[in-house]
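According to TrEMBL, the compositional bias 'Basic residues' annotation covers 437-448, 457-469. Look at TrEMBL and you will find 483-501 tagged as compositional bias 'Low complexity'. Positions annotated as domain 'PX' by TrEMBL: 14-126. Per TrEMBL, domain 'Protein kinase' is recorded for 88-481. Under the heading region 'Disordered', TrEMBL lists 437-515.
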């Protein structure tokens with residue numbers, strides 16, 4: 001497919017950040033092996049689910065591929081003899097379910113291509129490296145001065161974004177990095193506006209934005225070239241990682257967990273907040289802040305991947321902030337994501353869960369104050385502060401920034417309006433998703449409460465009380481009727497009550513002699 005051709009009609013743009021869950025529903029034994037029938041679900045809707053069949057050997061193959069992450073994953077061990085026994089199969093099924101739970105709840109593993117292909121082969125069967133190479137090759141036909149040195153395999157977390165090390169033919173020593181990305185589910189710009197804005201990115205000059213050397217796009221993807229930085233990103237500094245290594249190897253299981261110095265936290269944090277404020281003031285949607293999107297150039301942080309929001313790509317932290325209905329604008333998303341980044345800079349690792357109930361000791365209480373305003377239960381429930389408010393907090397207010405570079409980013413009025421509308425559409429989808437998650441959570445909570453042991457006991461007690469009350473009422477009614485029938489029989493007014501199908505019984509009333 002030529003680089004400027006249109007994408008296939010009816011192409012489905014999946015949100016790759018929507019979590020997949022997997023439950024083993026049954027197992028079936030064949031001649032020499034056992035197959036496990038797994039129900040996989042995307043997001044909260046049971047309707048958006050499908051079945052897959054996997055053998056133990058499939059799990060083993062996946063586990064071997066995930067070893068690059070350096071994690072000790074709980075795959076049940078192999079067994080050659082007695083592996084068809086009923087009890088063994090039942091026990092192994094429990095172990096495999098635990099394994100699935102671990103890989104689908106790990107934020108990095110659950111988003112990686114290996115796990116997605118294992119659980120959802122229909123949507124992740126394409127070879128995106130091959131697709132990217134085809135697109136890049138087409139591009140080089142019209143731009144022959146560039147040359148691919150090597151693919152940078154899996155250095156990023158996105159499945160549909162690929163990287164290549166580049167060089168310019170007449171400057172062979174200078175290294176550049178090319179990134180190619182497919183469209184995402186939040187691409188609301190028209191094709192014309194999208195391509196114009198992508199081509200505008202090289203004109204963006206800011207001391208805290210990493211410069212784009214070249215950018216182009218078609219109706220289905222974008223291609224950008226930047227200078228390759230040997231030192232890597234802020235995340236590489238925190239995790240002491242090599243920039244060219246695969247994402248899983250670099251960040252899944254760091255050998256040494258250590259945060260940055262307080263002065264680094266203050267300086268880097270201030271620089272990042274300044275560039276976020278610049279973009280917010282320009283009306284340019286970002287929404288993709290995380291430590292891998294911040295390039296380190298000496299002691300200066302420079303923001304990467306401004307193209308992501310134009311492409312409509314979902315955020316790295318979307319599965320976190322989609323849980324909180326007050327984080328519903330791209331500005332508040334940036335602030336919440338800044339909280340994640342600040343936590344990593346401070347403690348050398350991401351938070352175990354969000355919201356964070358209590359924070360470990362930090363180099364300064366001023367750090368904790370900012371973390372509490374962005375990651376605490378109260379902040380997630382009530383909403384995020386603005387970037388301007390964060391800049392006024394003690395952690396950043398006394399940081400002096402020395403830069404002579406004047407920011408420049410001229411966006412034509414027509415494109416500003418297109419960005420505003422696209423931003424509103426992105427936020428609308430987020431709000432709708434948050435609403436659905438909130439409703440699902442309420443329903444699940446109600447069902448859980450209804451099915452709890454305590455509730456079952458309460459319902460049993462109420463049922464017994466109701467049964468007793470009903471029995472007493474029936475007894476009293478019967479007694480009243482029986483008393484009335486006796487009175488009637490004594491006066492000769494009527495016969496005693498009988499069943500229509502039964503013979504009339506003899507009178508049993510007895511005249512008591514007076515004492």
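Quick reminder: no glycine exception, Cβ is built from N, Cα and C everywhere.
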Using DSSP, how many residues of the domain 'PX' (14-126) fall into helix, strand and coil, respectively?
45 helix, 26 strand, 42 coil
Give, as a single whole number between 0 and 100, the mean pLDDT over the domain 'PX' (14-126).
93
Residue distribution over DSSP helix, strand and coil in the compositional bias 'Basic residues' (457-469)
13 helix, 0 strand, 0 coil
